[in-house]
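Enquirer: I have a structure here, written as structure tokens, and I will follow up with some questions on it.
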Amino acid sequence: QEWKNPFATWDPQDFCNISEVVLPLDTYWSPPVFILERVNGQNSDMNYMVLMHNGSFNSTRPFQVTLTCSLMILKFPFDTQTCNLSVASFLYSVTDLVMKTRRAASESMKDSQSFLLTDGEWKFTNLSFIEYTEILDDKGFSVITYMISMQRRPTLYILNLILPTCALYLLDMAVLFGPSSLEEKINFQIAIILGSSMLAVILNNSLPTSSNKPPVIGIH
């Protein structure tokens, strides 16, 4: 966060060339902001800010938060999800407080990619944002919404679910039209049914549950 206070200025030459100081966050007024989609999180212990001689404040406070996000898993495991992170301050209307992004979307995306170093299930694909005014009770409030796009890596699901399921179906067809006796076909069919049931249990535990439409792989 960066903001400016014209009343907190000084001449560095009058104070031993000191051009900046580090102060507790509650020393001066700081803009109170909230993450609208936040349901849980851990607040930062870095409650300090840097004050420049020209009245500019700079506060860097890392947060670890859990957000709500609507998932569309119709194409699971080949799906791409977009989650919003909205930053707003509903204590001051837009006439008193206006929030602006300091960096362009391309710069923010480049920085985000440098921080996301884990090779997990999700791959970070895009970051964009919009600045708008939210109207509540006939008052406007400044809001910045970051739209984060993530793509699921399907390799694990292909190896553990899709390929074994296809192999069972091919084996089922081979046994059904093969030259085996009726008794052998029945035994093979029972084994295939048991294998399909185990895969169905694994699939049920792996599928996400928050979606308006079930995934195609779960329907079939």
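Note that the numbers count up from 1, one per residue, in the order the chain is shown.
Cβ coordinates are placed from backbone N, Cα and C, and glycine is handled just like the others.
Grabbed the feature section from TrEMBL, which reads as follows:
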type	residues	note
DOMAIN	1-154	domain 'Neurotransmitter-gated ion-channel ligand-binding'
TRANSMEM	156-180	transmembrane segment
TRANSMEM	186-203	transmembrane segment
Enquirer: Do any residues, 6 or more residues outside the transmembrane segment (186-203), come within under 8 Å Cβ-to-Cβ of it, and if so which ones?
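Expert: Residues 160-161, 164-165, 168, 171-172, 175-176, 180, 217-218 contact the transmembrane segment (186-203) from elsewhere in the chain.
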Enquirer: Please work out the mean pLDDT for the residues of the domain 'Neurotransmitter-gated ion-channel ligand-binding' (1-154).
Expert: 87
